[in-house]
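Feature annotations, reproduced from TrEMBL:
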REPEAT    8-41  repeat 'TPR'
REPEAT    83-116  repeat 'TPR'
REPEAT    143-176  repeat 'TPR'
REPEAT    177-210  repeat 'TPR'
REPEAT    211-244  repeat 'TPR'
DOMAIN    272-311  domain 'STI1'
Amino acid sequence: MADAKAKAVQEKEKGNAAYKKKDFEVALQHYDAAFKLDPTNITVLTNKGAVFYEKGDLEECIKTCEQAVEIGRENRVDFKLIAKALARIGNAYLKKEDLDQAILFYNKSLSEHRAPDVVKKVQEVQTKIKEKERLAYINPELSLEEKEKGNAAFKGGNYPEAIQHYTEAIKRNPEDAKIYSNRAACYTKLMEFALALKDSEDCIRLDPKFIKGFLRKGAILTAMKEPSKASYAYQKALDLDPNNSEALEGYRKSLMAENDDPEAVKQRAMSNPEVQQILSDPAMQIILNQMSKDPKAAREHLKNPEVAAKIQKLMEHGIVSLH
């Protein structure tokens, strides 16, 4: 008996060597010989299942690994070996695109032994199932119906209901940029600016030439008191249509708001190449440092016309002020 098992191990190793060389027929011969010598060695069957998997004979892979599980339970073999056979069945079903059966057998495998690679497989299959369900749910016609219901609710001032319809419309047709714009309008009415901004950005991502997305984003950023960002959004809208009245008015108002905000003015100034050059000059850094510590030093430095001109430029942009 011990001699037979030893010979079985030798045959299995020969099978493994042939498998690595992709000499599958020879591998099967050695695995069959090993199993005849030791009918309780389910690793031989699991390896044989791997051969069928590589050959694309998935039904034989499943059948062989199921036999391995059955024999393993009868002989109370190591639960890790049973788990491996069950995981291989899961692999075969995954290759067949039968996701439900794949996850079923992966979970059976995990109930025997929680192998990290099988845990990862379960997560991957769950993601695929969700994506499959998402794609199956897409229906542009039903999306349009929900969008129209959302439009009616919006016109009636029922913004929460409109959001529900627009959300369903998005699920039914997630590539329609205009629905995101409509939902952003609802969120804006409800002062949910963070959600509105995200929708406007999704709208722009899906259709960068849809001007309404930039107009919506500009209005939201204005409401969020972000005039610099709002002016940029309106500028992008004007790139698409230089004569758009809403973009022109929004851009004008955001610039006025920006000029009323000292911090915004300063930020814009810091992006000015001339201002950057002055501030990066080591000599000017020393002068500005002296002026901040000793206001009298400013009078001395202003006697130098070149320095005075640079300080004047910084004053114009709100970077420094003289008291």
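Numbering starts at 1 and runs along the chain as displayed.
Note that Cβ sites are derived from N, Cα and C of the backbone, with glycine treated the same way.
In this model, the domain 'STI1' (272-311) carries an average pLDDT of 81. In terms of DSSP helix, strand and coil, the repeat 'TPR' (143-176) has 27 helix, 0 strand, 7 coil. Shown for the repeat 'TPR' (8-41): DSSP residue counts in helix, strand and coil, namely 27 helix, 0 strand, 7 coil.
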